[in-house]
Amino acid sequence: LVHHSCSLRPCLVLIVFLSLNTVAGYSNGKVSKSCKSMRPGHGHARSTKASPYKISVDKNHFSPGDQIRVTLSGSAPGEPFKGFLIQARDTSNLSADAVGSFSLLSNADAQLLNCGSTKGSAVSHTSKSKKMEIKVIWNAPKNSPPSVQFLATVVQHYDVFWVKIPGPVVSQSNVSPPVLPTSATDQTTHPSALTKPFTSKGCGRTKSCLRDPVGCDPETDPKCHFLSFAGQEQSVVFELSGPAEGYVSFALSHDKWMGDDDVYLCVRRNEYVDINPAYVTGRTHPEVELQSTLRNMAWRWSDGVIQCTFQRNIQIPGEEHRFNLDTSYYIFLASGKAEHVKGMIHRHNRQPLISSEKKVISGLPGNLVGSRSPLIIKAHGALMLVAWISTVSIGVIFARFFKPLWPESRLFGEQIWFQVHRVLMTSTVLLTCCAFVLPFAYRGGWSHHAGAHPFLGCTVMALALLQPLMAILRPHPDSLRRYIFNWMHWSAGTIARIIAVAAMFLGVHQQALDLPSPWDTFVLCGFVVWDVAADLVLEIHNYHMIHKAKNVADDEEEIIHSSSEASEGDLFKKIVLAVYICGNLGFLITLLIAINDM
């Protein structure tokens, strides 16, 4: 498709341009998706300091069709800003769409946006260059409400901004200015401090609880991840607790996949904890929203444990991102690092704990259980471990050291060693194929957060499929070209096993399958040492037998099995094989139990 649609260089230029355009989406002022909330999508909490910016107008009264000059500037000299968004809204309903339209006095630093159905109903920046003052003209519409208030969001830096800075109220002639409601602006309310930690008492009786580990008590266990919620008239009270360096959070979701979720964050910022609702679109950074939907907020931070509580109405009309709490949802529980000064949160350290079933938030109390690893990912890990710890290892050692045993015995017309080797290797390929498709089915495509693991997995899959293909095309044992197949077959198999081991070491630390560390690494190291030790023991045994028989004749293989010590050597190999198989199964079962417990 690339070849027929455009040459390589123009396509690369186009891709780079689109990538840069996406990254710089906020700096160019195209912030139409923020029209309603007037919040930048920066993933930071708004500044808690008083705004150093103000809005002024050249008249306080107007008639439909009039024009008003609006100025946005610093309240003191030397207060530049980079981004802004200015709107006028009906004073009686500041959550409604913008009112009227704007005209620009200069196109250098400002541009018009269409918020709602009115063209040019908002003004925003054109670049991230520093600005000292913005002047625009507001055009009063014919169907103007009795009074309007100007609001502005100002971005000083990427992580320092103020939302809905209240400006002057202008009224139609012969209309008295209204008394502003207390919720007219985006004022910051500092939560109070909790005096003691939460407790699990009442879980299942007076409140619903989701805990990790199961049954833990945040009052006594500092490693307890805890969420409780209980209905209270037309609202729900939430308690959230967990050990974290930066934040703890939970989300309500319609499915077990991150995206379009109602999120609540408790972020430590120096000496206090900031509590905010947020929203996630796809696998993106949460967009922090207004605190006005929460009340009775309180927090506690002690000994590395963050705790917060708040109350929220069951239904919040006009807030599309706040889910109704009388509906059932899956619950996500997560924690991670944050920049304590800026409040910027980072990706969670571990896979979130996800409730096994949906729960009506305002419903009857209950004890919930969850898992940090999806079943489909557990199956992927289990199948890969079975293939590359048991079947392939046993199949390789059987073909390498046990060919001469049972020379006269046949199984379905073939030597026993060959049939066992073929069955085990075929099983390895089938298990690998089944395991290979599961992560793609779960992710819906390529995982961009899994590091080198998926690349190693794809390489192993390719080499695994190459082995049976070479086996089908292999020349006759007496062919002069047989040695080529032997070397290619051995090389591809050995490389596949080495890469598979590396993939397993990386895989057990993936967030979707985060086994207990460093215990899981020790188990895998033990398996590698065990496998190498078995190879060395059998190699040394072979060398010893050949060295003893060289004084009798030149045909080493014939000597080994015609000598008086052949039966003892065969018995020793069988014992080593039995012990080796038992050891492999022990490592495998240990890891499978760990996966099942996640």
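Placement of Cβ uses the backbone N, Cα and C atoms for every residue, glycine included.
According to TrEMBL, the feature signal peptide maps to 1-25.
According to TrEMBL, the feature domain 'Reelin' maps to 16-187. The domain 'Reelin' (16-187) scores a mean pLDDT of 81 in the predicted structure.
TrEMBL lists 221-336 with the feature domain 'DOMON'.
Under the heading domain 'Cytochrome b561', TrEMBL lists 344-541.
The annotation transmembrane segment is assigned in TrEMBL to 381-402 (among others).
With a threshold of 8 Å between CB atoms, the same-chain residues lying at least 6 positions outside the transmembrane segment (423-442) that come near it are 374, 376-377, 379-381, 383-384, 386-388, 391-392, 394-395, 398, 454, 457, 460-461, 464-465, 467-468, 512. What TrEMBL lists as transmembrane segment is 423-442 (among others).
Outside the transmembrane segment (454-473), and at least 6 residues removed from its termini, the chain residues within Cβ reach (under 8 Å) are 388, 425-426, 428-429, 432-433, 436, 439, 446-447, 485, 488-489, 492-493, 495-496, 499-500, 502-503, 506-507. Feature annotation from TrEMBL assigns transmembrane segment to 454-473 (among others).
Marked as transmembrane segment by TrEMBL: 485-507 (among others).
Here TrEMBL flags 519-538 (among others) as transmembrane segment.
As annotated by TrEMBL, transmembrane segment applies to 575-595 (among others).
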For this session: Quickly jot the same-chain residues contacting the transmembrane segment (381-402) by Cβ under 8 Å, restricted to those at least six beyond its ends, or write none.
Result: 417-418, 420-421, 423-425, 427-428, 431-432, 434-435, 438, 460, 493, 497, 500-501, 503-504, 507-508, 513, 527, 531, 534-535, 538, 542, 573, 577, 580-581, 584-585, 587-588, 591-592, 595
